[in-house]
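Enquirer: Input: one structure, supplied below.
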Amino acid sequence: MHTLNTTTGSQDPNFDPIPDPDQFPNRNRNLQQSRRPRGFAAAAAAASIAPTENDVNNGNIAGIGGGEGSSSGGGGGGGKGKREREKEKERTKLRERHRRAITSRMLAGLRQYGNFPLPARADMNDVIAALAREAGWSVDADGTTYRQSHQPNNVVQFPTRSIESPLSSSTLKNCAKAALECQQHSVLRIDENLSPVSLDSVVIAESDHPGNGRYTGASPITSVGCLEANQLIQDVHAAEPRNDFTEGFYVPVYAMLPVGIIDSFGQLVDPEGVRQELSYMKSLNVDGVVIDCWWGIVEGWNPQKYVWSGYRELFNIIRDFKLKLQVVMAFHEYGGNASGNVMISLPQWVLEVGKDNPDIFFTDREGRRSFECLNWSIDKERVLHGRTGIEVYFDFMRSFRSEFDDLFVEGLIAAVEIGLGASGELKYPSFPERMGWIYPGIGEFQCYDKYSQLNLQKEAKSRGFAFWGKGPENAGQYNSQPHETGFFQERGEYDSYYGRFFLNWYSQLLIGHAENVLSLANLAFEETKIIVKIPAIYWSYKTASHAAELTAGYYNPSNRDGYSLVFETLKKYSVTAKFVCPGPQMSPNAHEEALADPEGLSWQVINAAWDKGLLIGGENMITCFDREGCMRLIDIAKPRNHPDSYHFSFFTYRQPSPLVQGSTCFPDLDYFIKRMHGDIQR
């Protein structure tokens, strides 16, 4: 029911999603003949057309004993009957137009203000199912609806999307108001006993009918009266179950060790300081630690010459404290984006190759190179001393697996996180501070190196549009805002045929890189949990284009789900996603100016991962939290009343450097860990 303008590809608010019956009379007649009513409408239709015994006996049914009497009997009143039919037809058309207008506004409001992930061609069944789940009901794929405590027998369970997330509850009121503001005298009536499959018989009228009091469960759909938006919200929340299914679950907590404990020559800097820090972590009952294994340090000076001695000493100390270990294959630089005094670059021999061939790095439209990570377009190009990009990554991972085989056998290494882009996250380096980027700039596309351009031109020719083989010329600068650009503005070029082609190609490079590296990571780390970090790009999220996500490689405008495709790829390799949870570092006014929606993005990403059957963990974006921020993290990791009891599989606490007793800026860290472990409940 959400329709795209076929000329521009953009959403047209004036476009009627359901065609007028008179525009295509033959098509309409055929549809009427082939379409069957459903639910209560089916029963009503059957009753209205079923002939009675008297009808048959008296010949009142066409073709059954009517003869001439039947024909002549209709002659006198034929003109009057035709006029009545025409009037009724006009009244039906008006009712249908009114119903379609209300439906369109409801769907638009739910998408824009309520963050309901409705399909592009959603109908009212999807709306009812979403609201039912919001109210605590379970809705199966076949439409069977029941309370969690009254599950019907012999019902096959289908995976369902949870709408009962604390992130979406706070926005439901705005959603309902937006959906109903254009019809103040019209109200929607939803009966608790109504199954989504019976929705065809829901009727919405232009005004309240007198005598319609507060609805009960007696009649599923017999009137057109309804509730005001605020009353609807109260009823939804009154139906919410108050049991918290996830409170008792144990979510392991890992603390990330600070960057800089291994120097540029691969040696452990301060063993005693590390012991003190690990001792403090142990006192807090953390389950383990996370340590970055930097490609720029281990293979820093010569290709395929790996120095693991400092990490061996560090891992032995961690083993003494009986803590689990998550290691990060860090194929990116550190220090380029306001990371303090520590600077870790890509390997020196890679930078030397880049001097002769700078196209091994990502490049913006002005020709500026990013040295944060290698360009994904060289994944299969032999430009690194005879090796391709993915061969370099695989050799590094295989060397680590061989060097620390004993720790894998012992089970000390619980998981391996694979760095897939800038900051170790699966994203393009589209927000480089060294290029002058400042929040909330939309960033720039990073595809103007020769390898990416050749790939783009090849793809455009294969589609028969060779002139599409270039990047956008009107996408603005790093610090532009969406409305300032021709590409990202409302109904901009991002949603044209060329824009959709380019953005699909750009995002497929990201997905293809993930596939290339993860397929080899599974070979290197058999039977070991693989983790991939997903970024939180929440600014410009309230715009139609989601410009900041687009430049980072996530094709996720308001009319498309860009995360599900990514998670399908991760599911293929049994990957656990780690989402960087946004923190309250900005005031509400600052978020409003940036058109940011951290809660909406978090809700979409986390539920998209669960919908694809992925395990998901979390990591904090900022290091300092008060009690309110602490509770927000807990609610994200362990959502209340989730019908499937979904929760994070682990949480990584990214700490200030160093974390020692008395200096933490997270005074509730001990409380946070106990809550994540389920030792303390609300």
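Don't overthink the numbers, they just go from 1 along the chain as shown.
Cβ from N, Cα, C; glycine included.
Below are the features listed in TrEMBL for this protein:
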- Glu425: active site, proton donor (ACT_SITE)
- Glu619: active site, proton acceptor (ACT_SITE)
- 1-13: compositional bias 'Polar residues' (COMPBIAS)
- 25-34: compositional bias 'Polar residues' (COMPBIAS)
- 62-79: compositional bias 'Gly residues' (COMPBIAS)
- 81-93: compositional bias 'Basic and acidic residues' (COMPBIAS)
- 79-226: domain 'BES1/BZR1 plant transcription factor N-terminal' (DOMAIN)
- 1-96: region 'Disordered' (REGION)
Enquirer: Provide the three-state DSSP residue tally for the compositional bias 'Basic and acidic residues' (81-93): helix first, then strand, then coil.
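Expert: Secondary-structure composition of the compositional bias 'Basic and acidic residues' (81-93): 13 helix, 0 strand, 0 coil.
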Enquirer: Within 10 Å of the Cβ of the residue listed as 'active site, proton donor', how many other Cβ atoms are there?
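Expert: There are 22 of them.
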Enquirer: Round to the nearest Å and give the CA-to-CA distance linking Glu425 (active site, proton donor) with the residue listed as 'active site, proton acceptor'.
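Expert: Here the two Cα atoms are 12 Å apart.
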Enquirer: Averaged over the whole of the domain 'BES1/BZR1 plant transcription factor N-terminal' (79-226), what is the pLDDT?
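Expert: That region's mean pLDDT is 56.
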Enquirer: Sorted by position, what residues of the same chain at least six away from the residue listed as 'active site, proton acceptor' have a C-beta under 8 A from it?
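Expert: Same-chain residues close to the residue listed as 'active site, proton acceptor' (Cβ under 8 Å, separated by 6 or more) are Met256, Lys533, Lys578, Phe579, Val580, Cys581, Phe651, Thr652, Tyr653, Arg654.
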